[in-house]
Each structure stands twice: as C-alpha cells, then as structure tokens.
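Before anything else, here's the structure in question.
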C-alpha cells in the first residue's frame, strides 16, 4: 500500500520538476533552480547512476536538472500570448490598447473599429518579429549546444558512449579528451596527467586565455589506470547550485565514510576547454541551467538613458496637451449643442428619437477626441527610437578607429539603448591599472636586503621601447624627460651620469635594443599572440649589472659557506638567492612550451625527478663548485667592475650588437662543449639547439656557464596576473628559471645551483583581504619547510619578525635596518608610480608545520564558512616573516592616455581616478596621464575620524573660495573680463587625493555634501586604496546626489560593481579577463578609444537622437493639430477631414522612415572637427538640444505650422462646394511636404540616402493615395475617398494651395535657422564651417579657435599657478626650482609637491593677506620674457609648462622668473598671474 | 566575443598568423588610423599604413649601424629625418624599408609559411587568411558618405528668398485677376427678414404636404458671359458632423441588392421605417435639399424661363461608378426598389426623383451632389448649369430676373441660411480672392526678407564666409 503512494509522490515530484524546467525562462531559471533543489535542503548529493546506488539515485538525482538548456523565452505555442503579455508591460502599449478598446464603445467611437488597431498591431508586430528573431537565433544556438556530443558512461554498454549534451544527467561519468569542451560542471576524478592535473582554458567563460590547473580529487590521483565508474562507490555532497565561479565547496564521502574535501580546484566548469591533457573523467554535479556558467549568464541588462527619461516626461506633457485639446473639444461640443433649441437634423438623434443632453454629449465627445487625436502621443516614437539606437550602435561598432590591431578587437556595444548617454557624460570614473595603464607589468627595480638595484639598462630599454611606440612625440621633449629622469632620480647607488654621456648611451640603447629584442625574444615572441602577459616588453628584463655581479658569486659555494659562517657577503647572497627563488616560486604561473602551443611541457627528467636526498644534492653542488673554481672569470667582468658603470653600459650595448651578429654562433658552440661533460641529469634535458637564447650576462657568469648555457628551452609562462608574469620573467633574466610547476613540486633552474625541485606543500592564494599570497615549499637543499610570501608592503611590513627576542640582536638589528631601508625604497618606488611588492620568507620547523597543517586540513574540509577558516589558517602561517626585499614593477601608461584625458577634460568632463593602489603610485600616475597638471594644487585628505575629515574639507573649501574671490578681484582690477564661466566652474586647478580609509568617513551621510561640494571645485579627484565597493558607492553618490551622468571605465573584476552602477559602464578588454567587459555597456580595447567614443559618437548619438525625438514631437503635434483645428468647423463632432486609413498610415508609412534615417545618419559636425575641438562636447553635455525651451519652441512651431497648413486651404476653399475629403486632401498633402521639408531644414548633412528616402516617401504617398482613390469605391465606409486624389491632380488650385501652404509654414523655421546661422552661430555651427575649409585653412582656424579658448585657459592658468606656488612656498628654493623646471616628466614633480601639500592652509592665509603690489623690477623682467615666450603661449593653450620645456631658451627665462619670485616676498600667485596676463 | 562554446580546436598555425599583429610598434597604427580619417584625399588611406610600417625601420636600421661616433653625433637628427621621410611617403624609401623589415623577420628563423601570410606584407595588406574583426572601411560604415551639408546663412539663402518672391508675386497677380474676372451673384432667400417674400415659408416643415412657393426678383448689373453655374448655398449647416457624415450606406448606393434591403448599421436611426429598409438610408439622404429653384428672365414684364440643365452637375465618377441603381430584371426602377421605403422626410420615393431614367434613383445628380458632404458649415452645392446658347449673346444678360422657389427645406430651426448663387467659373473654380492675395503677400514678404537678409549678409555675413571664426 505504501509503495504506490511513494511512487505517486515521486512521479509528482518529477512532474513538477519538469514543469519548472519547461516554464523557466533564462531570466528566472535560477530562481526556479533553487526551488527545485531546495527540496533536498541546503546541499546537493550526487550519486552515480550505478548498480549499488540505483534506488538512491532514482530518489535523488532524478530531481536535478539534466543538461538540456533552453535560453529562449518563448516556445512556438506560447510565443504569441507571452510576447504580447510582455509587450503590454509598457505603458505606451497599454495606452494604445486602451484607445483600441475605447473605440469599440459605440458612443464614442471615432474611427472604424479596426483602423484604430492598426498602429498598435503594427508596433506589436514589429517588436514581436524582432523578439521572435532574437529568440529563434537563441533557439538555434541552444539546439546546437544541446546536440553536441560527449562521451558518457552507460551501464548497459559498460563503456563510454557518445551522447548529446542534453542527455547528460547529474551523476553521469563523462570522459573528455584534449580540446573538448566541458558539457557540465563536474568533479574531476581522473586525469591522464600523471600528476592528476588537468589544464583548462576558461576563455569561453571569462575570456581569460591563460591555462588554469585543475586537480583530481585527492585520493584519486594516485590511481595509475583510468577510473572505473563501476567501482566508484562514493557519494559527493556539495553546495546547492550557485553562480559563484570562484568557489566550490563539497566533499566526497567514500563507502568507508572517509571524507575528502572538494574545492574549486576539483571542479571543471561547463564551457571551459580541456587543454594539454589527453583524457579526463569526471562526474557531473551540476547540469544544464544549474551549472555555474549558466547561472552567471545574466543576459543583456537594461539601463535607461537620461534622454529616455526626459522623453518620458515630455510625453507626459503631450498627454497633458492631448487632454487639454480633448477638453476643448468636449466643451466646444457641449456649447455647440446647447446653442440649438431643437435637434438640428444633421445631429442624429439616438435610436429612441431623443437627443442626449449637451453635457453628456460633451463627455462622450471627450473620449471620441482622445481616439481622434491619439496620434499626438507618438506610438511610433518608441519603435523609432529603438530602431535608431540599433542603427547608431551598428555604426559605432563598425567604426574602424576602434579597431585595435594588436588584439584584433573592436568595440563591443553590449547595451543597446544608452548610446546617447555617451554624449552627456559629466563624470568619468576610471580605474588605473589596465585602464589608464597598459597593465603590462615591467620589472623595473628591486631592493634586496636593503640594497637597491635600479636596473638602469632596463629603464633605458623601456625608454627606447617607448620611442618606438610614440613616434609622434617630439624627440626634444623626450630627451628632456629622460634627462630629468636621470638626473633627478638616481638612487643612492646608481651611477652618476652626466648629460652628454647619458644621451649618447641612451641613443645607443634605443638603437640597439629593438634589434636585441628581435633576437632575444625570438624564443617566445612569435607565440605571444594568444598568450597573456608575454609581450616582449614584459618578458625581456635586462639584469642590473651590479646585481648580476653579485649573482655570479652565488652558486653552491654560498650555500655551503652559509652553513659554516654567516659572513655579510654570503648573507647578502643568501638573501639574493632566496629573493629570486621567491620570485620564481611564489606564484601560480603555468609553464608551457611554445613550440607546441598549449602543450604542457613534459620535462622528462627534471619534472619527474623524485626528490633527491640531501646527499645527492650535496654531491651535485660539489661537482659544480669544482668546475666553477677551475674556470677563471673572463676578463670582461673584471673590466666592467673596475670601469665606470656608464662606460660599461656602452660596452654592454656593443656586446649586444655583437650578439646579434652571426658571431654568436661561435660563442654558442664554444659554450656548448662543457655541456656534454655535464651531469647526467642535464643530458636528459630536451635539447633544442635551434635556440640562440643567450642573455647578456652570460660572459660574466662564465664559470657557471656550463649549466646556464645548456640550451635554454623556450618557455612560456602563463600567469593569472601580469605582476606574477613580470616577476617570473625577472627571475628568469637572472637565470633563476621557473622550469615546471605541478601541484606537488616546482622546478627552478638556478644559475649556480642547477635545477632545484621544491616540494610544493601549499599555495595560499592571493586575496584582497590579506593582500598577499604564500607558497609553502620544502627546500631541497636545507630540507626545511619554507614559506615564501609576497604581498603589498602595507600588510607585509606588519608581519615581519620583530626584534623581540634577545640574543640574536645582531641579525635582528640588521633586519631592522633592512626593513627601514627597504621601506625607503618602497616609498621611492611608489612615488615613481611603480607597483611595489614585498617579498619575505619564513623557515619553519617540521613540528611547526605539522601543527599548522593539522589546522589547515580541518579548514579545508569544512563546508560551512570554509573561507573564514582558510583565511584564519593563512594568517596563522604568515607571521614572523623575514623580509627579503621589494620589487618595483612599472605599469606603463597606455598610449594616448594623456591626450585623451586632456581632451576629455577640455570637453568639460571631470575625471576621477579610483584605484586600489597606493597613494603615491596613484598620484604619480595621475600626473603622468595629465589628470593632474603640474600646477595643480593637491589637497590630500587623510583623516582618521569623520569630524577631522569634515573640518579639513571645510577649511579647504574656505581656502578655495577665498582664493577665487581674490582672483576675481584682481582680474577685475586689471580689466581682464575674459574669464569665461564655462571653464571657471569646473577647472579651479585643484586636485583632491583621498585614500580608502578616509573615503569611508567621507562617504558617511553627514559629510557627503561637503565632500561633493569640494569635489565639484576640484578638477580631478584621485581615490587610492579604494575597494570595489567604495568605488561603486562613490559613483552612486555622484550620480544620485549631483544628478550627473557618470561613466565608469575599468578592466578588472574589481571594477565590475562600479561599471554596473554608473550610467554608462565601459569595460576595457585588457589583460585581466573579461569580467569587466561582461558587466559593461561598451567594451573597448584601449582607453584612448574613449575619446572618439565620447567626443564623436557620444555627440553624434546624442544630437541625432534628441533631434529626432524633437522632430517626432513636432511631427505629431503638427499633424494632430490639423484635425483639431477642423473640429472648430464641424461642431466639435470629431470628424476627420482625412481618410482614416491615410490618417493612420501617415505616421506609420509616409513619414516614419525619414526621421529614422535622420536619427541614424545625421552629422552636424564631422568627426575630425569634433575630435579636435573637444569643447563642442559641452553642447550635448548640457543637453542644449533638449532643454525645455527647444521642446516648447518646437511645439510652438508645430502649432504655427499646423495653423498655416489648415487655414490656407480653409480660406481657399471657404464657401465653395468642396467636400470633406477633398478639403482634407490638400491639407494632408501639404502637411506631408511641410513635415518632410522641415526635416530637410533640420538635417545637417544630406546624403543620397536622405534624398532617396524623402523622395521615396513623397512618391509612396502619391502612389498610395492615387491607388486608394482609384480602387476604394465602397470598401471603406464611412469615409470614401474615391477619385479625390485623381481629381485634385488635375486641379491647379491643389498645387497652388500645397505650394503656398508649404512655403508659409516653413518660412519662420527657415528664417530662424538662417538668422541663427548668420547672427548667433552656435559653436557647433561655427565648427561646421570649418568642415568646408581646406585642410590648411582648417588647421589655422582650429588654432584660432583654440586661441579663443586660451582666454579661458589663461584664467585656469591663473588659478593653477596659484596652487603650485602655494605648495612650493614652504620648500627651499633649490628644490622648488628643481621640481618646477623639468616639468615635462610630471611624476617626478609629484613627490616634491605632494610632500608639501599639507602646507597649503597657511599659504592661503598668506595670499589673502598679501598685497597686489607689483615689483617694478619684476615687471620689467616679465615684460622681457613676454617677448620670448609669447608665441609659445599662444600656440599651446593649456600646457604652458610643456611648451616652455620644449623651447629651451624660454625655460631658462622661466626658471629665472621662478627664482626671482621665490627670492622676493611677493606672493607667487600674483606674480604668475601677472606673468600670464602679460602674455595676453 | 569569445563566447559560445563552439569547438575551437587550437590551430597551431594561428599563432603564426597572428604574429605580425603582435609586433611592438603597433600603437603607431592607431595614429595612422586617425590620420586616415582626417585625411580628405580619397587615396590617402594607404599612406598611414605605409608610414606605420616605415616607422619601424629607422630604429631597426639604427640597430645595425655600428655604434661609433656617427651614432653619437647624428643620433638626435637621424631617426627624426628618417621618420619624416617615411611619413611623407616617399615611395622608394618606404618600399625599401618594408623589404628590409620583412627580410629581417624571415631571418629570425620563422618562415612565415603556414597560413601563407608573408611577414611584412601581413602588416599592410594581410588579413586575407586570418579573419579579423576589423570593420569594413566603407564610406557608409565609417560615416563618410558624401553629403550635402547646407549651412543656412543669410548669404546662402538670399537667392532662395528672391526667387520665391519673384515667382509668387506674378502667380498671385494672375490668380487675383482671374478671380476678379469671375461674375458671381448671390441671393439669400431664407426669408428671415419680414420684408422678404419668402418670410411666409420660414417655418415650413418636412411633412408639410403643400409646397410653399415664393418669388424673388433681382437685377443683374453685369452680364454673365460664359457658362453660368447655379448653386444653392447653405450656411450654418453642419453637413460635416461626424455622425451625420457616417450615416449612409455606400454599398446600397452602389446598387448592391443585399444592402438595398438590409442597409448598414451606420444608417441608424434612418435605416428602416415601419420594418421596411429605407432606400437610400441614412441621415444624409434623409435631409436632402429639396427646394426647387427656377429662374426667369423678366423682359418687358414677360417672364422667360431660363433653361436649367440638371445633368452634368455631379462628378463623372460618382454618377457612373460610385452611384448605381440596384440591378435586376428590366429597367423598371419601381420594381427594383420593391420592398424598400422612402426616407422619412422625402415626399416621394427615390425612384421618382426625376422623370428621366438616367437621372433617377440613386443616380439622380441632385442626390449625388447632396451626398457629397460639404467640408465646412457654410457651403454651396451645384444645382443647375446654364449653358451659353450662342456666341453672340452672353449667357445671362444684365437685367431683371426672378427666382421662383418651392420652399420646402427647413433651415430656420438651426439658424441656417439658404442662398442661390449664380457664378461663372474659371480654371481655378469659383470666385475666391484669398489665394491671389495670399500669394502676393507671401511673395512680397519673401522679397522683403530677402532685402533684409541682404543687409544682414553685408553687415555680418562676411565673417562666416571667411575662415575667421571670432568668438
């Protein structure tokens, strides 16, 4: 009895589950999934579908979804109802539905019933067809995916058989081969890889192309043969399906109740591709819509643009207008009726013979009027806007300027409906890394054990690289930049280079390195295409000579000696060794060999070499050291060490040149000899003799060359982050080569020590809380457990071993000193805009390790709050660290970033930089990319408490206000009235720097407003150390509180929230995967593309759409008013003088295409002009085109035109025998002409497409009305337009009326445009004139235009100069000159300025108190300098400094000016102000 | 757009194919791209590419140069000069460099076989083998379609205004003259004034059996030379009322037999009378104008009737296509209209409207004219034609006339007016001075505006025509 009931219940479950499946759309499927799986509680139990589990399997697994996916919204059956249902969610459609229904009420019916449905049906049909097509393509895609084949284990056949993806169920075993796509989320149970590793490429999921490792579940990896599903007797319990890609929790419970934890490392995600692994077997845990990939697939998101919201309000105005008109009609009808004492016989009585009272008739008439005048609410507007946006997006996507050849990517528009918001951006929130910068990390400097190695050559190499990149840059400018670079920022142990020498070597290097790059990078360069983080600039690191020297001393002897006595040298060597080991090991880089792309490197002997006993290693070392000692160091080393380093540089470059020549081959042969006599291990190394990979330092390490010169296999590193790649490549440059990485061991080829294989015990991956990562390895030499940690200095410095224990004071002291020195270096790096990382290590005893391991194991296997436990465990491990050193990695600015930022700034856009980096790094990057100008005053907010924060901000505000008012006074005094308000408002020239902790306070409700007020006064805001959440909060704050249109641009996962919050999210498809792109509305490949996207496409899209929308309103109001005016002459009875069909089709057919073409193709100013004159952007930014006034002007014009269009025919035909439709025909025809020619007046550019469409519309109208008039005798009651058009076509009066009406109606608009164009040309119009000029004239005109703006810029300059002076006020004279003179390289000014930014407050006081009195001597001087500088100033509008820099003579004059200024007691600000004023 | 789990076997050749794209100095290309857009010469699109290519060699060549004094001395100048040459597009030099470049790549030991993209060539013209996402460089897609960009300034539109003025004024004068040449005479015979002879008939109603007749004498001051059209005019008569307009059945009028016996619902409440369908149904037909007007010339106290032609007053298409009598056996209209009843207000059924069979029933022209509902509440409808008999005499000589009216049509209840109009017509219809005056006015205004714009143009216009853009 009980069995059938249970069975019935089971069936019921099954049915409901399938129903869920069927009914769920892509959007809500996730919810449904949760529901269906909730029946099993929080966790999901996966049982294989096999004999001993059969019953349980039936019970549990059948309830889970199978792998069939359906992303379509509709099925064939439910398409119509469902689509209609969705469409009627729109208010506009509901409104028209209401009208249709209204028309069915006999009392108020105005048209024939069917006719009113026409527009609605047309709109619904268009949208339905669009939806249907979209859905159909989805369906086809689904079908294709569902029918992909994969190998599934079937019990019947006892083997893996081909099955469609859709037939895969939870609990199935699946066997995949290389390059196959994973059909469902599955736990990896077997990999043909001996280490139990499976490599996957997640490009399909997140776009990241680097390989990732996945591991076989512990316990299964030991199996030699492939897993036999029949023998699998475990159950898997894991969490319910969720969309978190980066986490997976669960465990495998074996039949003996043993549990093994499962993590993300064991999970193969649907959509990824198996790489480098012959075969894998897994068991499906999530299938179909429950897979993480599908749950993450949220589909396109919908944002509403600002314009759209505006349009909606205007539509409300139209509704109001409509109601007004209808009320007029209703009242008019009532009055008209009440005039008659008895029923006139043209007023038809009701069926009972009585007439209804006037009030009721008026009420009815109201509704009739609504039906009649419904066209006022443009139903086609929504459809047209959508079509226009599609067209605009299409054009944006096809812009060839967005094509980035290197990555073969162009812009992707992911949101279809916010293109016009691009034209109104007021705030840009930009991420730094990867957005402004290339995110190509280049190893620049390092500090080991407190000793800095500044890698001069490396720096020069970068310079030269830059030269190749940015050929447009003035060479003089560049030299200037690099000079300052050299002279100002030499580390304490960097060589002194005097100018000519430096220049010389620089040039040599710039010449030689490309050649070298071609040769050197030959190993991996060709394959860099698909590989992330491995462009030559990243991979080639030129070792520092000094360090290299020290390196040459490392080898086994240092290790041996370190055992005996810890001399200072050997200690340092120890440090260096460990440092580079850490660089090579402490990461998650995957090694692959490029020859066979995406093939895992099978290092036959080294990788699989079992861990050697200590004895063996010792033996090896001894062998090596003997060899080292036997060979004498080559003379060149001695020479180089004795010579001055600069000359060495030259030597080096010469040497390189030689290397590049065929002579190299000889060297290679020579060095190859010892190789044969080498250790047996090495002979097993795959010999790839075609490689000519010789690194510069080889001769210095002649002794160790036996190993080093054993042909270096080409190795590709695939890193998850560019930093890691940079560090590994850096280590490689020092011959500390990461050879292979398996989950168990890491092999490093170390110069002096040979291949070292570290047993890899743990990897504690990087997370943003800890801001560090660690690896735990067993050192092969010492056999101790060593923890290598690398992380942000802010956290690392606190974790170092403190000098608490007594006794070891000597080394402790040394540690402390190292720490201090390193910290100094770190600060220095950060100021230069380098990314810093600290490297530390810790040696653990086995006991300590065992204890920690215990805890860690517990943490690993827990399902609930595993993250916290793991975090705790990691924190427990990462203590008492020994600082090894620090690295500085440069992230170069993307090309064109400063120009772009300047242009955007000129366009009136405020740019904020939100970054997670340190303050110093952020500020220096901000300078480099011209976000902050050298003259800007920088305010730094760094407060511990909210109140302090508020206080500081208030003070700053006060200061700024005082400053501006003072300035105004002076400017008035001097009669300078040219300070235009446009630039005065945004650009005060102040920059605000704020860090994450302060941000927390600032974002508090109470002081938000002050903060915003302050930021409005600043032209740039830099937020450093900001978390992703803070970024999004900031964006939301500005967006909501300032009511500004915001754009967020970023490239990484940490920018996703900000991108989603902003009005427009732009993702940069850079190096860090696709998360940002997935979340974005527009995805571009380079930051500089933002310039065209905003300035050109944003402007175009906005003006096009606004003009089209305005035109739509105009069109409808004009047309509807014709009907309205007629009501005055038909007793407000709701008669239409036009045939209903023509009336309805007028909007749908005859006048619908031209505005769409207008909206897609109109071009007010050419792209070139828009790019060159960013100021034009302000027009659309302030939504000039779509303020209330143009809207009402348009409506007024529409009223006028409709009046003309109605009354000219009215007076013409007054008193004649004209009938209704014959009267309407000329009106209608004239309206068509008016409406189309109005468009022509508004069109800024008329192409053949416009012509075709407009002529086509007119022809179509005539053809239609003629055909309609010829055929429709009786078919169209009650209106009957039979032969009317035909008759009119032969009537001259018809033509005369149309001509007159059209002319009179369009005359005012035409005249207005003419007068506007002549008397008050808008900037856009003036810019349009430029299009007509020849290129030369154009250039001149643009220059002149910019001169206009210089007036503004001068005002700005006045402001900015004040700030700089206040900052430098407290500095000694010498320093400030140094910092002001070489202005071309802003990062280096940053620090000097930045340090003193706290001094601004007293300075403001000073300024306000100082007199404006002018030193007569100074005037003279300034007057003289005016002559020399005036042309420079004239040509360059804002960066006066840069131009000074470019012209050498001028710069000296300026420096004199500064000196003079500083010497005198005069307020610098005033001096500068006068200075600039005199320039005018 | 890597999405889509379509199988993508890692083709080893793709790495080779992409190689040229991964070369370092690509940023230069972007600059070239911009250059390309800004260049106006159509053939210029090739140039930036070449220069992008050529940009590299100066550096590369430098690399091969032996480093000596030459390198030190000339270093700042040489790359710049070379670069300049490359950008200027000196073809020989560029070509040589390109060859040099590709040769070097070949020398790297990576023969770019595989996909068949030659090393150097791929930079410029490659991509044939590799499908790139590069958008097509067509004028449409790059929004560079040749366009007429009208700039509306006083200078450019001046001719238009003058031309409009010059065209409109003559047209207006022509129309005006034509309109003035039209003779028109109008008599209001409503009879609201007590003195009017028709005053007695003022309160006539539909169902009065005996017609009220009245005679109005009038004098034509001028003779009507050409054909005269006789109209009846109604004022304040809203024939364009929505429900009135609808109240008809076109199918019935078109001779559809089923509609004849079962008229459309639109005709309510004039659809049936005493359970018989009304033919013609509806309010329009029911309220048909039924005054009879007769015109007499009074010469020496003798009244000579003037021949009024009642055919040819309706549109030909209406009479011959749109309005049809019901079809059936024989031509007996009475039989054809069997089973229908006359409209309520009519004294006699539709088949007795006229004696002539081709002007009877639905195709009676008076009826057809009435059924063409007027657009405005004051309207006229053609009643009769008076044809000019011979060329010697005018159609209507100046002199005394009398109008006999059978006064049946009640308009007093809604303050309507009835008129009789005699008019000659021209090519532009009846007398209407408006169009002519309007044309003259508009033409003059345009002309005047043209003058104003001329002044404006001379005062302010120059600054726009020159390149000088003042603030």
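Glycine is treated like the rest: Cβ placed from N, Cα and C.
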Which range is it, out of A:53-71, A:72-90, A:91-109, that shows up in TrEMBL as transmembrane segment?
A:91-109
Per TrEMBL, which one of A:350, A:386, A:718, A:724 shares the ATP site with A:431, A:432, A:433, A:766, A:790, A:835, A:915, A:916, A:917, A:1025, A:1031, A:1054, A:1055?
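Candidate in the recorded ATP site: A:724.
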With the transmembrane segment (A:365-385) as the reference, which stretch in A:1140-1161, A:1220-1241, A:1293-1312 has the largest tally of C-beta pairs below 8 Å?
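Looking at each of A:1140-1161, A:1220-1241, A:1293-1312 in turn, the most contacts to the transmembrane segment (A:365-385) are made by A:1140-1161.
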According to DSSP, folded down to helix, strand and coil, what is residue A:1055 (Mg(2+) binding site)?
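In three-state terms, residue A:1055 (Mg(2+) binding site) counts as helix.
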Please give the sequence-distant neighbours of the transmembrane segment (A:115-133): residues at least 6 beyond its ends with Cβ less than 8 Å from one of its Cβ atoms.
73-74, 79-80, 83-84, 86-87, 93, 96-97, 99-100, 103, 371, 374, 379-380, 382-383, 1140-1141, 1144-1145, 1147-1148
With residue A:835 (ATP binding site) as the reference Cα, tell me which of the recorded positions A:431, A:433, A:1051, A:1055 is the closest one.
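Looking at Cα distances from residue A:835 (ATP binding site), the smallest one goes to A:433.
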Sort out the residues at least 6 away from either end of the transmembrane segment (A:1247-1272), same chain, that have Cβ-Cβ distances under 8 Å to it, and list them.
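1139, 1141-1142, 1145, 1149-1151, 1153-1154, 1157-1158, 1161, 1225, 1229, 1232-1233, 1236, 1239-1240, 1280-1286, 1289.
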State the residues, same chain only, that lie 6 or more residues beyond the ends of the transmembrane segment (A:1220-1241) and have a CB under 8 A from a CB inside it; answer 'none' if no residue qualifies.
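Apart from its flanks, the transmembrane segment (A:1220-1241) reaches 1111, 1114-1115, 1118-1119, 1122, 1135-1139, 1142-1143, 1146, 1150-1151, 1154-1155, 1158, 1201-1202, 1205-1206, 1208-1209, 1212-1213, 1250, 1254, 1257-1258, 1261, 1265, 1279-1281, 1284-1285, 1287-1288, 1294, 1297-1298, 1301-1302, 1305-1306, 1309-1310, 1313.
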Looking only at residues six or more beyond either end of the transmembrane segment (A:91-109), which have a C-beta under 8 A from one in the stretch?
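116-117, 119-120, 123-124, 315, 364-365, 367-368, 370-371, 374, 377, 379, 382.
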Which whole number of Å gives the largest C-alpha distance between any two of A:431, A:432, A:433, A:724, A:766, A:790, A:835, A:915, A:916, A:917, A:1025, A:1031, A:1054, A:1055, the residues noted as binding ATP?
26
Under 8 Å between C-beta atoms and at least six residues away from its ends: which parts of the chain pack against the transmembrane segment (A:1191-1213)?
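Distal contacts: 314, 317, 321, 1110-1111, 1113-1115, 1117-1122, 1124-1126, 1129, 1223, 1226-1227, 1230-1231, 1234, 1238, 1293, 1297, 1300-1301, 1304-1306, 1308-1309.
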Taking the Cα of residue A:431 (active site, 4-aspartylphosphate intermediate) as the centre, which of the binding-site residues listed as A:766, A:1025, A:1054, A:1055 lie within 10 Å of it?
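Within 10 Å of residue A:431 (active site, 4-aspartylphosphate intermediate): A:1054, A:1055.
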Taking residues 6+ outside the transmembrane segment (A:1293-1312), which of them lie with a CB under 8 Å of any CB in it?
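Distant contacts of the transmembrane segment (A:1293-1312): 1197, 1200-1201, 1204-1205, 1208-1209, 1212, 1225-1227, 1229-1230, 1233-1234, 1237-1238, 1241.
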So for residue A:1025 (ATP binding site), how many other CB atoms are inside 10 Å of its CB?
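So the Cβ neighbour count for residue A:1025 (ATP binding site) comes to 20.
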Give the distance between the Cα atoms of residue A:916 (ATP binding site) and residue A:433 (Mg(2+) binding site), rounded to the nearest whole Å.
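If we compare the Cα positions of residue A:916 (ATP binding site) and residue A:433 (Mg(2+) binding site), the gap is 9 Å.
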Using Cβ-Cβ distances, find the residues under 8 Å from residue A:433 (Mg(2+) binding site) that belong to the same chain and are at least 6 apart in sequence, listing them in sequence order.
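Counting only residues 6 or more apart in sequence, the Cβ neighbours of residue A:433 (Mg(2+) binding site) under 8 Å are A:439, A:835, A:891, A:915, A:916, A:917, A:1051, A:1052.
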Translate the DSSP assignment of residue A:916 (ATP binding site) into the three-state scheme.
coil
Cα distance, residue A:1055 (Mg(2+) binding site) to residue A:1025 (ATP binding site), nearest Å?
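The Cα atom of residue A:1025 (ATP binding site) is 13 Å away from the Cα atom of residue A:1055 (Mg(2+) binding site).
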Counting only residues 6+ away in sequence within the same chain, which have a CB under 8 Å from the CB of residue A:1055 (Mg(2+) binding site)?
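Residues satisfying the criterion: A:431, A:435, A:1028, A:1031, A:1048, A:1049, A:1067, A:1076.
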Which of the three DSSP-derived classes (helix, strand, coil) applies to residue A:766 (ATP binding site)?
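Note: residue A:766 (ATP binding site) is in a strand by DSSP.
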